Amino acid sequence: MSNKRTKGVTVIRPIVYGNIATLLPQKKIPDSDHTHKWTVSVKGLNNEDISSFVKKVTFKLHETYANPQRVVEHPPFELTETGWGEFELTIKLQFVPESGEKPVMLYHNLRLHPYEEDGSISTANKNKPVQSFQYDELVFTDPTEYLYQIFIQHPSSGLQTRSTPNNPYSVQAEIDEIRKIEEATKKVQEQLVIYKEKLEKTTKELDEVKLELERVKK
C-alpha cells in the first residue's frame, strides 16, 4: 500500500483521555508522602482499540518523578503511578509510520481530589475514586491510502445519541454543552452592555463636573 494521499477525504476518530485516582491507605507506601494512586490513559470512544493507527504514546510527568518521560508502545495506552500533587500532564500520540501523520499533543490536568462547586476540596467524597476524562476528536485530512484502509478495516462506532451512566459522551451531551456555552456567552454580553452603560453615565457625569469646575474658576 502506497503513502499516496486520499484527496478529499476527512476521517474523524473520537478519543477519550484523562485519569482516575484513588486515595491510598495510610502507610501504604513506607517512607513516602504519596497520598494517591492514579492511572492516566488515552483510548478510543467506547474503549475502542486505537493501536491500529497509534504506534506509541508518551506521557510526560512532573519533573520530580524519576524518568518523567514514560513511553507506552502497546495497548492499553495507560500509565499508573502514585503521588501527592496535581499537575499538567502532556500526552504525545505518535502514529504508525505509514500514516505520514505528525504527532499530536494532548494536555491534561491530573486530578486527585474531588472538588465542590466553589473549588474547595470535598471531604465527604475523599474516599471515592476521582475521575477526570475529556472527549476529543482526531481529525485526519487527506489520509494516506495505508491509513485510510486501516480506518475502513477498523471502523469507529462514533457518538451515541444519548448519554449513559457508563458513557457520558453523546450527541445530546455535545448539544447541551453548546447550549451552556451560548447561555454563558449571552450573560457575558448582557453584562458588557450594563458595564458600558455605566461607563457612559459615569463619563457624562465626570464631564459635567469638569464643566462646573471651569465655570467656578471663571
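Yeah, the Cβs are placed from backbone N, Cα and C, and that goes for glycine too.
TrEMBL annotations: computationally assigned, not manually curated.
Looking up the ranges 79-124, 171-216 in TrEMBL, the one annotated as coiled coil turns out to be 171-216. Per-residue pLDDT, averaged along the coiled coil (171-216), amounts to 86 for this model.
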